[in-house]
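As given in TrEMBL:
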- 32-50: transmembrane segment (TRANSMEM)
- 62-83: transmembrane segment (TRANSMEM)
- 116-136: transmembrane segment (TRANSMEM)
- 143-162: transmembrane segment (TRANSMEM)
- 168-185: transmembrane segment (TRANSMEM)
- 197-216: transmembrane segment (TRANSMEM)
- 278-304: transmembrane segment (TRANSMEM)
- 311-331: transmembrane segment (TRANSMEM)
């Protein structure tokens, strides 16, 4: 963990320099050490509690807990969609910010709503869980029955896409990972079995869609959600191009600095003129990072995430593929690994038999 903390302070030093030289502190990253301290404390408490409950905690079990928590989160989204009273009760307990409320109003007809996380953030989290499920499925572990794994994968992808189409990125990277594992396995029976489970999951997804097709067609709201969730796939079959309405607009949001100083240290600005807008009117991750603390800070930010992954995973292919997914998200929005993987790093403070 020492290398991670060093990279964290290196990143904060670049943020501090950018803020001082620009003469302003733009909220979130200027108070980043406090945020990290809170996340670290919460992560330690969580792993300490799990260690007491399970009489020993290991990395695989934590990751399965994260995956199953996401499944529970998606079940709540389904309940909120089909039962308006559940939606009302949830949002009466959990107060929405003005930005979240506006986002829900604009998307009420084309996606499942969720709580506690933004739509892009939800897609990123579900993507990490899809990838982790495929990674974990290689190992014999009694915590989850093997036949449940394809059901989890199908559920995470289908419902996750109905919440955020960013979930597709997780599936693509997971398939890349699976392909690399198959290439290296040279016909291993365990890998062949894993592939059967993945194709079994695809079959379950297709069969479910066929069986419920009439119900979907008769439910205008659900049909609208499915059309939005799988717009790219529908366009691929109809027009031969994997495009969506949002992806066409996304390329217009690639706005870059027009001076060398901003490229180097940024403008120390993340938000726009109000809470509904972004600085320079771009929500692209790479652009926002560079405008906030420049290329120097962006490199330090990426390096910090890389160091955290190297603490969590030992097998090179595992931390590389998660890192590839993390980098991919920055082409759409800002994504971080610390919230999800800091508890995994805390596992190493306890006696733990697995490091995969």
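Just so you know, the numbers here start at 1 and follow the chain as drawn.
From the backbone N, Cα and C atoms, a Cβ is placed for every residue, glycine too.
Contact check: the transmembrane segment (278-304) against the transmembrane segment (311-331) gives at least three Cβ pairs closer than 8 Å, residues 6 or more apart, which meets the contact criterion. Long-range Cβ contacts of the transmembrane segment (168-185) within its own chain (Cβ-Cβ under 8 Å, at least 6 residues beyond either end) map to 123, 126-131, 133-135, 138, 156-157, 160-161, 191, 194-195, 198, 232, 317, 321, 324-325, 328-329, 332. In this chain, the transmembrane segment (116-136) lies close to the transmembrane segment (311-331): three or more C-beta pairs between them fall below 8 angstroms, excluding pairs fewer than 6 positions apart.
Taking Cβ pairs closer than 8 Å, the transmembrane segment (62-83) reaches residues 47, 50, 90, 112-116, 122, 125-126, 129, 132-133, 135-136, 141, 143-144, 152, 155-156, 159-160, 162-163, 225, 340, 343-344, 347 in its own chain, all 6 or more past its ends.
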